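Peer 1: Sending over a structure as structure tokens; questions will come in a sec.
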Amino acid sequence: MSKFFIDRPIFAWVIALVIMLVGALSILKLPINQYPSIAPPAIAIAVTYPGASAQTVQDTVVQVIEQQLNGIDNLRYVSSESNSDGSMTITATFEQGTNPDTAQVQVQNKLNLATPLLPQEVQQQGIRVTKAVKNFLLVIGLVSEDGSMTKDDLANYIVSNMQDPISRTAGVGDFQVFGAQYAMRIWLDPAKLNKFQLTPVDVKTAVAAQNVQVSSGQLGGLPALPGTQLNATIIGKTRLQTAEQFESILLKVNKDGSQVRLGDVAQVGLGGENYAVSAQFNGKPASGLAVKLATGANALDTAKALRETIKGLEPFFPPGVKAVFPYDTTPVVTESISGVIHTLIEAVVLVFLVMYLFLQNFRATIITTMTVPVVLLGTFGILAAAGFSINTLTMFAMVLAIGLLVDDAIVVVENVERVMSEEGLPPKEATKRSMEQIQGALVGIALVLSAVLLPMAFFGGSTGVIYRQFSITIVSAMGLSVLVALIFTPALCATMLKPLKKGEHHTAKGGFFGWFNRNFDRSVNGYERSVGTILRNKVPFLLGYALIVVGMIWLFARIPTAFLPEEDQGVLFAQVQTPAGSSAERTQVVVDQMREYLLKDEADTVSSVFTVNGFNFAGRGQSSGMAFIMLKPWDERSKENSVFALAQRAQQHFFTFRDAMVFAFAPPAVLELGNATGFDVFLQDRGGVGHAKLMEARNQFLAKAAQSKILSAVRPNGLNDEPQYQLTIDDERASALGVTIADINNTLSIALGASYVNDFIDRGRVKKVYIQGEPSARMSPEDLQKWYVRNGAGEMVPFSSFAKGEWTYGSPKLSRYNGVEAMEILGAPAPGYSTGEAMAEVERIAGELPSGIGFSWTGMSYEEKLSGSQMPALFALSVLFVFLCLAALYESWSIPIAVVLVVPLGIIGALIATSLRGLSNDVYFLVGLLTTIGLAAKNAILIVEFAKELHEQGRSLYDAAIEACRMRLRPIIMTSLAFILGVVPLTIASGAGAGSQHAIGTGVIGGMISATVLAIFWVPLFFVAVSSLFGSKEPEKDVTPENPRYEAGQ
């Protein structure tokens, strides 16, 4: 094939140009992400049961729906949360690769079976089924800079004017408003109700009857009488629109003709639909809308579309109102991709310099460099065809591929120049002769590297997604690299290289190149003597190799494990939890103290603080608070002001707060997999021991975790049990008094729980009507005595006649995991420890808990456990594939052993480098390790291929091995050094995405250094030992190790 294109160079140019054109067009179409869709698809079910407790929601809603979800295809696990405000969320997580649309349809079908079994109030509120991920993409805030609007005004404006266009934006999966729109609030006065012998049920019935929209029909509607000349629509009663209209609702007409209207027994006016959440931006009144990304949507495209939507709405904002983005996860995407692109450019420059140093021929260097854009652009074309995106993983793979793809071109150019020098052939003939020699080695290298990396593409789970990005990208680049080396590079060599006189290869004697050549030649001579010594003393060096293998195994066992390295995402969370039963006012004091510290003491690091009272990731309630902290851009912060340093300083300060627990934590590397770094585990009541015992086990776990030196920031992702007032109805007493249980329950629900009646029209938008007791009538248990129920005789009976209560404790938030009650616990490894070590410690502590209490990993921890179990199989498959490919290539079962034996020599270096830098055995490390295995095997192939040919030509095993080493040392050193320097920018990167770059770069550089330095000495030993062991025949005229050429180093 190469000969065809050597004779037709323009044909080769056309192919290269077409490849580049296709790649350039693909770049314009490829989406840009920080990561591909790593998180498994998740379908969320959201329900509201007004006035219900967390236990009531769990018993009457959650369990009913959960029981129907069984049997859905590819369902991985189900988790649920029930809150004391009546809200509930069930999240069904599916196996990676499941079509989210199909999953949503199946969930909806199962939900249809459960809906008739749910309380009527729940069905009336509606059930939402959405495709969503755990984390927020960004938060859109409205802030009143002049203080002219309250938080309730801003929340109403968001819901009324911004929520709909934002929810329609492509890529938006779900959203959460920090606040609520206006509602018509009817505040009942129990004393006035009793005075007029009315009950809350009477009021609700009257409002429902008189606030209606009537369809009154038409005059002259069809079918009509003959001769009808008029057709007109009849406008009947419409929904009420103002507080005055509601105040005029007639409740009662007395015998004397006097009337009791709603305004006589209640205060009516616009108010918040609920008052659970309030927000501030840098201390100013604000409201916000947190957006979640739809499953499979592109983060950058969605964020861009949302900003354009807000830009279109801004001209219509009220005076003094400004839109802000107090939390945004997309800047890290653009910064990290930009950083990797810079790394890519730096890698190309460094590789060019290394090639020029060794080739010492500008034309030869240009030839090898010209292959880079062809292969890289061609790879983008393959990524587009495979449905991939431009993301951190594919760009990392491109950086690794640079060193690999120039290897093939270097081997071609180097060998062409060697043939011209040794045989005195002109460039065209030398190229043909050279390609006959190295074509097999090039194909072999491509097969081996593909064999190492392709098994990664077949693994499942989130780890499999990461592996596939690397695998397909590098294998595609390698495949194109070999094609270019067989098609384009020979054509360039035949037409661009100048002829060399015999013996002129690398003969520069003056200047820097002369100094370099002299020293390199001396090194080659010393290297030949060393190889000769090793081949004469095989046993000690084979024992040394065995020690290396033992050391590799020992290091593998000691290096800490993790899933992904931590990243500075430019954002930080702070979570506030005041004592159980605390009021919102008490929580706000702590939130204000936290905000003041961040904005004043950390002004060099923090850009803005958006605080929310009434909500955090652990749950909702008056004792909960949250802060979304945006940091300044990476180039404005030093390492001392990284998100991790800030979190550590802030946590130390928050420990001084006596009236609350405050945790500062960074988001995880992959935001789709959760809201915090570290581990995520559920303690489960598998033995049915009950809530109290589960709470005791949780507290026991937290106490032991606090004593562990391996764990830090261990906290429940839930709320502590808080005071609850248990109201007991004496059914017999109530019956004797003529009061029905239905009237009692309805009165309680309306007076204390805020009962939804129906809707009204406010400025052209449909909003809700709520009835509730006025605040002064529901502040303490004694206020229950103010409420009355009418009996069958028309008498007003106070609650104290048939009800009594007592204080108990209960949870404001209940969680379930895979069908059993559970409690979620979050935490992080202590400084100096990895998540793998932290998870092992969690398993140890969980094993000491009372019987009946189990645990299950979830989120990123689930993926980490899955990836750890896959690693041995991945390595075994990769090594097996390498062996089989080499066996097919060499038609030998023994020769491949000499190549495979080099693998530990690369792994040991990767382990040492990773350990010395304090990094972990994570997914990136494993990708780098597999790359190192392929490169180590590549170096071995370059020696073994030539040694095998020389031996078949009649050389002894010893002579063939040493001659192959001498011939291939320069290209091995050159390609290895080019690859190492190409990866150096990854190891010294800073800013966004630096953690990932360090993780992959450190292991690869360490592995390549050891694979190069050690392999050039051990590979000839492996070749000779394996060939001797399996009975390779020596030629009759043997050249013994005592031959003087070994001593002369020739």
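Each residue, glycine too, has its Cβ placed from N, Cα and C.
As listed in Swiss-Prot for this protein:
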TRANSMEM  10-30  transmembrane segment
TRANSMEM  339-359  transmembrane segment
TRANSMEM  370-390  transmembrane segment
TRANSMEM  393-413  transmembrane segment
TRANSMEM  440-460  transmembrane segment
TRANSMEM  472-492  transmembrane segment
TRANSMEM  539-559  transmembrane segment
TRANSMEM  871-891  transmembrane segment
TRANSMEM  893-913  transmembrane segment
TRANSMEM  923-943  transmembrane segment
TRANSMEM  972-992  transmembrane segment
TRANSMEM  1004-1024  transmembrane segment
Peer 1: At a C-beta cut-off of under 8 Å, are there same-chain residues at least 6 beyond the transmembrane segment (339-359) that contact it? List them, or none.
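Peer 2: Contacts with the transmembrane segment (339-359): 365, 368-369, 372, 392, 395-396, 398-399, 402-403, 406, 410, 413-414, 417, 516, 970, 973-974, 977-979, 981-986, 989, 991-994, 997.
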Peer 1: Any residues 6+ beyond the ends of the transmembrane segment (972-992) with a Cβ under 8 Å from its own?
Peer 2: 331-332, 335-336, 339, 342-343, 346-348, 350-351, 353-355, 358-359, 396, 399-400, 402-404, 406-407, 410-411, 414, 567-570, 634-635, 639, 935, 938-939, 942-943, 998, 1000-1002, 1004-1005, 1008-1009, 1011-1012, 1016
Peer 1: Check for me, if you would, whether the transmembrane segment (370-390) reaches the transmembrane segment (472-492) - at least 3 Cβ pairs under 8 Å, residues 6 or more apart in sequence.
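Peer 2: Counting Cβ pairs under 8 Å (6 or more apart in sequence), the transmembrane segment (370-390) reaches the transmembrane segment (472-492), since there are 3 or more.
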Peer 1: Do the transmembrane segment (893-913) and the transmembrane segment (472-492) share at least 3 Cβ pairs closer than 8 Å, excluding pairs fewer than 6 residues apart in sequence?
Peer 2: no
Peer 1: Do any residues, 6 or more residues outside the transmembrane segment (871-891), come within under 8 Å Cβ-to-Cβ of it, and if so which ones?
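Peer 2: Same-chain residues near the transmembrane segment (871-891) but 6 or more away: 440, 443-444, 447-448, 450-456, 459, 467, 897, 899-900, 903, 926, 930, 933-934, 937, 941, 948.
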Peer 1: Can you tell me which recorded stretch out of 10-30, 393-413, 440-460, 923-943 has the most Cβ pairs within less than 8 Å of the transmembrane segment (472-492)?
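Peer 2: Stretch with the highest Cβ contact count: 393-413.
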